[in-house]
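Working notes, structure below.
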Amino acid sequence: MPYKKHTLIHIIAWSVAAAVSGLVFSAGISFFMEHVYENAVIPARLFASELLKGIADGKSEGIVDTPPFLAPKEGDAPTVLVPTKGKAVRVDFETGVVTLFSEGKEVGRFTARTHPDEFSPWRVLQGTYTVSARTNTHYSPLAGASFKDAVLFAENGMLRAAEEGEKNLPAHAGFALAEADAHAVFTFADEATKVLVLNEVSEARALSYARAREGLSKDTRAPKVSARATLVADLDTGEVFFEKSADKALPLASLSKLFTILVAQNLITPETRIAVSPTSFYTYGGNGGLRVGDVFSRDELFYPLIIESSNDAAEALAEAAGREPFIRAMNDLAKTLGLTNTVFADPSGLSPKNISTARDLFLLAQNLLKEHEDVLALTTLASFTLPAGDTREWSRTWRTNNEFVRDGHAYLLGSKNGYTDEAAQTTLSLFSLPISETEERRIAVVLLGSGAREGDTESLLRFADTGTLYSNPHFAETFTTQAKEYARRADAENPEFRLAFFRAPEGGGSRDTFAHLSGFKSYDALFADVEGIIGETGYNIVGEAALRTPKDFLQEFSVAGVDVVHVANAHAGDWGRSAFGEYVSILKRAGIIPAGGSEGALDRRETPVITRAGISVGFLSFSDAGPEWLAEDEYLPSILSAKDPHFAERINTAAKGSDHLVVGITLSAGGRSSSLGPSSGGASPLAGQAGGDVSSDADARKRALAHAAVNAGARVVIGFSKTENPETEQYHGGVIFYGQKDFSPLSVVFGKDGVTRVADGKDVAVK
């Protein structure tokens, strides 16, 4: 036993010692790799002397001052800024992210399950809008479905709760948010809330919704209706779409009851108790469930009056105010409204002497819509139950006899029908024909003396629905097809690729400065130089000079529309090789192209390409400012170095993979970029290099690198470095930019054969 105990103690001791030794050894290796190997001073493979050969006889078209523009030019997307006061909802149509702001600060962020694509009728161009409506349940005329917690803006902008069975709906019907998220947005927003839309699709290639509606079908043939008189017109503008004998006075039957209810509201107080008399009860027609001796309030009698068109209820109301004074008041109301051909002889419409014209009744419809929405709402009730009470022994349920209400017409605003043998079928029906999710055309259909009320109304609606969705329930699919064709034609007729690029200040800048760049989101590509990696791993190996960009800036990259990030800069290695690799990976996962850096050998040899309008543009980046140790091993995370002897070869190979190649180079500090300009007398700018009287060595190297890149196949060379005096050079069919101001984008426009415009929008002869 003692022997075994002694052995166990030794085993434990040796195990602990081995573990400690392993940890120390591992830490030593890690320290060496990050602090010694990665920062080793490796002789730079300078090849500037080779590049400088022949520069003296290089045919440069000269360097010109190009003032950077701080805002998008005409035709670009508007800049979208978060207001510092009030509430705002920012909607990103590229990422599907919805962000809530209050007093300029973010208070919520959600990601939609689905959101509109480039060709969706629910897509909204970039800009600042205001919430136009909030509805607990919104019927979408484009989707043909109802959605909960809908927030509407612009023409078809819609934030709403995702529904079960979304697969049966048109693709990308608004921003479909999780139920809890949609409710949070719905609760947050009000009709004063700003909606900030971010959208990469430019107006030039986006089919406008209004233009698409111009092609909606319209039957130009006059509708065939059975009615003796009719009129269909726009309630808001008064535009008449069709009329027939609109000024002929004819019996209007129970349309009279619309005047009955308006007069009763004026003559009888709501608390007045009205007993049903035998005279009222025995009025011809259905009694509406009334009994002699029943007592109702004024408003309770409105339900049988309108829902079941009860003649008994009409007479009971008239008796409460005095039948003759009541009828006089009906005629006075007609005169007040300017209805010069309208006359009443009874309160119910049974009398054929109750007459009006289609035009007079249209004027009544306009008045109802403007001043009596409560009456219109009452006409749309399918049923109403009044419970029993002290004045009634049994409850009453009234059910509509109006076919438009009974059938649940989706666009009905209000409707009153009538019928007598003398009047035949009559109707005054108001409809809201949808134009978009937020717009409508409100029209009235008036029929007098009809033999087929439903058919006549439907014919008139279809005739009046020019530019609306009433007769086009599948317009969402039609729009998508048209939008794709429109974009294809726009690209074919004016093929161009717009590129903007900028340099962010050290550390990334601020969220506000990125928001100021949102006007460039509609460019086909936005190329950014951001010094300071994004990530949380690694450790500082350069001291106070180390830079790191906050990870949440990825959201701000999206706000600005950043597509490509130049990662081969002087601060790429501040936090070690593994941290740089994480940075490249983070950008890729965010859908952003890292240029000039890779996670390993496979992607190191790839040149990312973006294609728009049939024009392909490749992006390649290098660093001439180190760190050189980060460029040494292509099988590990690394950058591309401008000191690589294969610099020109890499560019030449990459240029073959696209129509145009953009090369970004982090330029080393030193020298004045202004000294790069041609010297007086036409002498070479390098003529006095040895003595230093014309150009510094640093400036000569910048120019040598840029020229070598163009000679190797680059169409545009961007020298990323901070300067207050950016300059642009046209050289051998290429364009070179020497430096930028922080957050002051410059731009170029590519045609199929070359650069057509540079920076300030002026046409240039670059081929």
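Heads up, the Cβ atoms here are built off N, Cα and C, so glycines get one too.
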Region 'Disordered' according to TrEMBL, located in which of 58-79, 278-299, 674-695: 674-695
Rounded to the nearest Å - Cα separation of Ser309 (active site) and Lys416 (substrate binding site): 9
Between Ser254 (active site, acyl-ester intermediate) and Lys416 (substrate binding site), the C-alpha gap once rounded to whole angstrom: 8
DSSP three-state assignment for Ser254 (active site, acyl-ester intermediate): helix
Local confidence of the domain 'Capsule synthesis protein CapA' (498-740) - pLDDT mean: 83
Euclidean distance between Cα atoms of Lys416 (substrate binding site) and Lys257 (active site, proton acceptor), Å: 9
Local backbone state of Ser309 (active site), from DSSP in three classes: coil
